[in-house]
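K.L.:
So TrEMBL says this about it:
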type     : residues : note
DOMAIN   : 94-307   : domain 'ABC transmembrane type-1'
TRANSMEM : 33-57    : transmembrane segment
TRANSMEM : 90-113   : transmembrane segment
TRANSMEM : 134-154  : transmembrane segment
TRANSMEM : 174-194  : transmembrane segment
TRANSMEM : 286-311  : transmembrane segment
Amino acid sequence: MSDLKNENKKSWTSLFFDPKIRYMNSKKNKNGLVNYVLLLTTLISLITTIGIIIILLTDSFHFFEQVPVFDFLTGTNWNPLIEPNKSYGVLPLVAGTMMITLGSALIAIPVGLGSAIYLTEYASTRFSKIIKPIMEILAGVPTVVYGYFALTFITPNILKPIFPNIQTFNALSASIAVGIMILPMVISLSEDALNAVPESIRQGAYAMGSTRFEVASRVMVPSALSGILSSFILAISRAIGETMIVAVAAGMRPQLTSSFLKPIQTMTGFIVQISMGDTPVGSLSYYTIFAVGLLLFLMTLSLNIISHLILKKYREVYQ
């Protein structure tokens, strides 16, 4: 009986003092703590996103109580600040945003895709190691620097000799600067998509007598199409949301125009203008920030959903 008691005592003592058991308990506690920390960070991100959406919806509701949604979306005059002829048609801001987005995409997409193809199919390893740090530097330049670069260098030194009638603030220089800004994103993501294609597919195409250009254009790009298209849409989303470049280089004149040589105002540029503090909090002009912000949020959300659908439809799964 006494031996049985001693064995029970030993077993209970080992639970607390055995090094292996203590190590296992400590590891289990650490894993549990890590799980709680990760859950907390996830909840913070989720709550922040929900909070932003709620604020946009509630403050936009105050705006749409006084301005009909149809008039807001279809109106061609945007003048929410100057009395007595205030107007709240957002089309000039949307048109300005689309002009900058289109112009920057026409620059960044072909140049970025061509650069990605060159780096993966033609360039030597040494050259690639030189180019990639330069791309990282471009990605790290503050956008306000791009804006003043467009205003003080691109417009007077590059565009003015070609287009003598171009104005100081214009959509073209802003589009060029935004295109340069999103270029590293297109190159990096497209290059990653091309590098994800198995080497066996590339070598198989060469074994069938294909030239390097044929391998790149007919094999590699179609195989990496989902990742390439996603990089384009993400870059376009980034261009839509760009603020400082367009605020500095494109001006703050909301107008419907098809000329890239004139000043325009984008949705983000207007938000910057109102946020400078001259508009009374709680006024209708103040609530225009949230109405425009909600529309901008819906536009970028739609692009992200389209990107996800494209990725899902064209994704190639390699073993």
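One is the number of the first residue shown, and numbering goes on along the chain from there.
Just so you know, glycine gets a Cβ as well, placed from its N, Cα and C.
Just so it is clear, the model here is predicted, and its values are computed rather than measured.
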K.L.:
Decide whether the stretches the transmembrane segment (134-154) and the transmembrane segment (174-194) have at least 3 CB pairs under 8 angstroms, with pairs required to be 6 or more apart in sequence.
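P.N.:
These two segments touch.
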K.L.:
Near the transmembrane segment (286-311), which same-chain residues lie under 8 Å Cβ to Cβ, leaving out any that are not at least 6 residues past its ends?
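P.N.:
Apart from its flanks, the transmembrane segment (286-311) reaches 52-53, 55-57, 59-60, 62-64, 67, 72, 80, 88, 90, 93-94, 97, 226-227, 229-230, 233-234, 236-237, 240-241, 267-268, 270-271, 274-275, 279-280.
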K.L.:
Residue list, the transmembrane segment (90-113) vs rest of chain: Cβ under 8 Å, 6 or more residues beyond ends.
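P.N.:
The answer is 72-78, 171-172, 174-176, 178-183, 185-187, 190, 221, 228, 231-232, 235-236, 239-240, 242, 246, 250, 254-257, 260, 264-270, 291-292, 295-296.
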K.L.:
Excluding the flanking five residues on each side, which residues at least 6 beyond the ends of the transmembrane segment (33-57) place their CB within less than 8 Å of a CB in that stretch?
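P.N.:
Distant contacts of the transmembrane segment (33-57): 290, 293-294, 297.
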